[in-house]
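To start, the structure itself, in structure tokens.
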Amino acid sequence: MTGVLTALHDRAREVLDPVFYDYVAGGAGGERALADNERAFDRLALLPRVLRGSAVRDTAVRLPGAPATAPVLVAPTAFHRLAHPDGELATARAAAAAGVVLVTGLAATTAVAEVVRAARAVDPDAAVWFQLYLQPDPEVTECLVRRAERAGCTALVVTADSPVFGRRERDLRNGFTDLPPGYAAENMRDLPGGPPGGTRPIAMSPELSWDDLARLRAMTALPVLLKGVLHPADARLAVAGGVDGVVVSNHGGRQFDAVPAAVDALPAVVEAVAGRVPVLLDGGVRRGADVAIALALGATAVGVGRPVLWGLAAEGERGVRRVLDTLLDEYDHALALCGARGNADLTGDLVVRRGAGVR
Ligand SMILES: Cc1cc2nc3c(=O)[nH]c(=O)nc-3n(C[C@H](O)[C@H](O)[C@H](O)COP(=O)(O)O)c2cc1C
Ligand SMILES: CCCCCCC(=O)C(=O)O
């Protein structure tokens with residue numbers, strides 16, 4: 001991690017309830033996928049070009065529902081009010097101020113309409129996407145989609161890597177199975193089949209299929225991105241199913257310990273998608289150079305999960321802003337050092353394996 005991110009992490013660890021710290025920091029099983037996400041970036045290096053740079057570098061990217069934005073996004077993460085009393089509102093303000101897309105989650109402790117309002121109070125053009133788990137009851141899914149539309153979200157992100165909840169040994173050890181009193185997944189309030197005024201539990205189902213994604217696709221005119229894709233064949237199916245983007249992700253190593261690092265899965269997905277829709281990546285991005293590596297390998301943008309929560313826990317809105325600004329500054333600096341005038345100059349030939357020599 002960068003110096004700033006390490007300091008924010010250390011402060012977050014001091015101030016957070018250790019049970020919640022473990023929930024955020026931890027992963028599934030023996031945490032091999034979690035560790036590998038960062039290590040896989042360490043195994044890669046950038047091979048700069050010389051004498052072709054620019055003093056002003058073009059870092060803007062075009063994403064569905066975000067026509068000109070930074071190549072770093074806030075990945076969807078649950079329960080921000082457990083990290084800081086201002087919760088998702090602080091995250092939304094910081095993301096908007098940094099010019100970064102915020103993906104707010106179904107499992108947010110603040111309702112999506114309030115999150116969008118907070119972002120737009122900072123920047124009327126701020127892009128907020130809504131992440132959801134398809135619910136087995138299509139009526140519930142439809143109600144969630146309408147809420148996101150009404151709130152003004154500009155894209156939907158469907159997380160597909162969670163047919164069941166990951167086996168997270170830290171949470172099992174700590175008995176962290178539910179939100180403490182006073183906190184709720186606010187987007188799950190007042191839904192069909194739920195208690196009036198109360199919340200329904202978020203369901204995960206191993207029986208969801210591509211038909212369910214097709215139903216969602218037909219339900220809304222918003223762009224839809226599919227998150228949690230690792231297999232290139234699934235990337236092809238997603239594009240054929242009309243998605244507007246694919247997010248290569250292993251859920252930060254929190255679902256299945258046996259999977260590869262996200263960045264190791266990226267090139268095959270990029271090849272399968274063949275430029276038809278943007279490919280995004282999250283998992284293990286901790287430095288601006290990691291952003292550059294992912295873009296050179298064909299990602300259009302990257303998401304950041306845990307560092308945002310460390311910033312939030314440590315310093316609220318200011319901490320999130322520091323995380324995002326640091327990554328964006330470092331990314332711009334990496335472009336300069338690569339002799340790149342902008343994202344487009346980051347090509348696959350710039351990425352090599354450390355220790356493998358250069359041909
Ligand atoms: C505490 C926490 C909660 C998360 N909650 C969600 C969620 O509700 N929905 C989702 O799609 N992904 C969720 N994720 C996964 C992130 O979106 C993202 O894939 C992951 O954090 C990226 O890895 P990183 O933390 O190494 O940046 C969560 C991750 C963390 C750390
Ligand atoms: C059943 C509760 C859903 C919360 C989802 C949070 C999440 O995805 C995570 O990784 O934690």
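Cβ atoms are placed via backbone N, Cα and C, with glycine included.
What TrEMBL says about a protein is an automatic prediction, not a curated fact.
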Given TrEMBL lists Tyr23, Tyr133, His251, Arg254 for glyoxylate, the same-site residue among Arg168, Arg215, Arg217
Arg168
Can you tell me how spread out the FMN site is, meaning the largest CA to CA distance among Pro76, Thr77, Ala78, Gln131, Thr159, Lys227, Ser249, Asp282, Gly283, Gly284, Val285, Arg286, Gly305, Arg306, in Å?
22
So among the binding-site residues Pro76, Gly283, Gly305, who's got the most Cβ atoms within 10 Å?
Gly283
Residues that sit under 8 angstroms from Tyr23 (glyoxylate binding site) by C-beta distance, when 6+ apart in the chain
Phe79, Leu82, Arg168, Arg170, Asp171, Asn174, Phe176
Quick check for you: of the binding-site residues Ala78, Thr159, Gly283, which have their Cα within 10 Å of the Cα of Tyr133 (glyoxylate binding site)?
Thr159
